Amino acid sequence: AMRAAGLLLAWALLRPAGTQQCHLAGPGGVLRFTDTHAEIRVPALHRVPSSLDPLYGLVRRCLDLIQQNPLPTELLRAALNDPGSVRTSQVVQYELGYVVCAAVALLFTVAVPVAGMCFCYCRSRRRCGGRLRAHRRSLGCRRHCLLTCLSLTSLVILISVICAFVTSQRVKGQMEPGLGAVPVTLRTLRQHIANVPQGVQMVVDQFEVPRQQIISDLGGLSRSVGLSIHAQLKAMTYAALADLQDRAGDLQTSLHHLQILDKTVRALASARAELEPALRERRRRVVALLDDPRCTSCASVLGRAQSLELGADYGKVPSVEKVLKALAGLPRSDFAEMIRQGNGTFNSIPELAVERMAQVIQDLRDEMARVTEKVQSIADGFPLPDYTRPVSEALVKAEDRSQPYLQEVERFEHYRWIAGTVLCSIILLILACNMTGMALGAYGLSKREDPSDYECRGEAGAKFLLLGVGLAFLFSWLLILLVFATFLVGGNIQTLVCRNWVNQEIYKFIDTPGNLPPSMNLTRHLNLRRNSNLSAAYRECKSGAGLWEVLQLDRSYDLDEHLKTPKYTADFQKRLGDFTARLGDVRLLRSEGRQDLETFARSGVDEVDYGRFQEEMKNPVVQTSLPGLARSLEGLQKMQRNGTVAGRLAAEAQALWQMQNSTVQSQEALVVKLGESVQFLSRLAPHLQERVKKTLATTASVEARLPVQAQQILRQEVGCFTRKELRYFAQYLNWVGQTLREDVASCQPLATALDNGRVILCDRIADPWNAFWFSLGCCTFFLIPNIIFAIRLTKHFRPIRNRLISTGSEETCPFHIPRVTALKL
């Protein structure tokens, strides 16, 4: 046990203090902030994939072919700055593709109704859409070819009109929310900018999260420091106390054994003096008896009786009176109480730390209140309202000016939808006439035995086809007008706006000085930096830049400078860095106890020759064994013939047994007791000086090192605590910077609004709008072959005038007598 305590003490003394590492911040070291700022955001819109995307792509490619000119910067500059200087030739030159399409539409508008009137005139003269004059063998092939062509054109028209219906409904479905999104987005942007101070204040108020965490940590700091000091120094302290307790035990035990040794030696010397005359008398009597001639066979025992004399003489051993005199009055101090007090003082370090650190903890709490005031300066000094006022005014003006235009667009869209729905329904009616006419005509042909016979169903099919032709002639000009009007609007939106919006040409035009009139100077209205432009502002906003960076606030308000951690933590950190407290003042050994141990070491306990004691104890109390001699006399008694001699032998044997039991055994017991004390003292003596000196040195070293190492551990724990709390400050300030830039005072909503405008206008309205006129235009232009095939097919559904009589040629029989029928041509 002593060796284990020594090893523990050596390890504790050699182990450097303060080696315990700071506990890494676990999940509890990450703060969770609540986004309590104003939730005014512009949701980003994206192009939604659609099954009509191939159609949209086809229309855009057609428009790129029609309008191959780039953005007309010169024309737009003149139109915006001096509208009167714009020449018609410039507009026609840019819109050349649309002019050609307008000429085609005009030609179609005129030609198709004229052709319809001519057809009506011919019909009135029975020249068009009549009957075949002769039956030829190729008529069946021609009829099937016309049926197939008319079916295909009808199928194309049907597909186109379905696409027109779908895209028209999609335009209607997207137009209303798209138009409504304009004022809503503008209001949202105004609210976003107006609520920036409120949002900044809400973000600043979130300092309560790290403040509460730091206050909570401060509440447990002092006890944590005390427990850490106690935990890291207890091995060294407990080992020193255990060693001191061992030396105190050595002192007490050594003194006890020395007293026993001295007392026992005296007792043995006294007993030897008392035993010597009695033993001498007893030897004389036994020798005399054994020398008696009447004693039979007594000569064998005579030699042993003659050697009956005392053995060990403890008067020759060294005296320990000098040592006992040196140790007289020891121990003067209560080592048990001293160790108990030292242990109690050391174990009270956590409570002492709480007491010594109470004031600095309170000062740190007060410092947190001052830090709260410093953090509030972020909101108080935020200069955004003065800079955002022009932006808010521009947004209000844009919202007010956009309302009439939006209402007009909504009204125009309503009319367009009605016209498109009506005309698409008429196209469906034309297709219904075609389908019905072809079905009735084909059925009538299958039922007619003679081509010249009248068949009512075939006649009805021809009339349905002619009805579809009439509707096509009647409404084709309305169709082409609607197609051209929507084409002109949608095509220019796509080629002039959307295409240049996607490739950033519009931003470049706006950024070029002189392109916009002073009243439309966006850089001035939006209060952008003088060296900035809309494109740069858009890119900065899209990348998440703050409003102060875009609106020139960074010169007057450096957010990064205001969010530097030392600005708020310098005093907090200094108070912790300057704090000192003596927490390791533990007296393990008072001066009285030290003097007792030094006296013990100088007492001469280790100078006594304990070997002399051990050598003397090897000698018996009596050289001849009294029990053995007594038993020999008892044996001789039985051999004697003389009763007197036998009685005397028995008496001497009894006397020897009485001497053994009364005197010798007690001395032997004292010798055993003496041996125990000599054995203990002989083991202690060689190491006494070394152990006492080591204990005194260790105790002094531990007493000296405890305050130093306690101070080191205190600095380490305070340093760990400081770094932990600084991480809370850094987390909060980083979160403030990120939140102000990306949410509260971010200009990203402005970029998102522009992107949303492009998505709504180009992807959700312009694409289906252009697909609508494209589909309707396909219907309109395919009506021309539809009319031709329908007119020519009507002749095949009516009875022919003459029958074919020759199978080898197309000549008719000259002797054919016409059959009288009631068919009216």
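Any Cβ shown, glycine's included, is placed from N, Cα and C.
Annotated features, as they stand in TrEMBL:
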- 1-19: signal peptide (SIGNAL)
- 96-124: transmembrane segment (TRANSMEM)
- 145-167: transmembrane segment (TRANSMEM)
- 417-443: transmembrane segment (TRANSMEM)
- 464-489: transmembrane segment (TRANSMEM)
- 771-793: transmembrane segment (TRANSMEM)
Worksheet item: List, by number or range, the same-chain residues at least 6 past the transmembrane segment (96-124) whose CB is under 8 A from its CB atoms?
Response: 65-69, 466, 469-470, 472-474, 476-477, 480-481, 483-484, 487-488, 491-492, 780-781, 783-784, 791
Worksheet entry | Which of 417-443, 464-489, 771-793 contacts the transmembrane segment (145-167) most, counting Cβ pairs under 8 Å | 771-793
Practice prompt. Determine which residues of the chain contact the transmembrane segment (771-793) at the Cβ level, with the cut-off under 8 Å and only residues 6 or more beyond its ends counted.
Written response: 52, 55-56, 58-59, 62, 108, 112, 119, 128-129, 143, 146-147, 149-150, 153-154, 156-157, 160-161, 163-164, 167-168, 171, 420, 423-424, 427, 430, 434, 437-438, 441, 462, 465-466, 468-469, 472-473, 476, 479-480, 482-483, 486-487, 490
Worksheet, complete the sentence: Same-chain residues at least 6 beyond the ends of the transmembrane segment (464-489) with CB under 8 Å of its CB atoms are 98, 101-102, 105, 108-109, 112-113, 115-117, 119-120, 123, 129, 416, 419-420, 423, 426-427, 429-434, 436-438, 440-441, 769-770, 772-774, 776-777, 779-780, 783, 786-787, 790-791, 793-794, 797
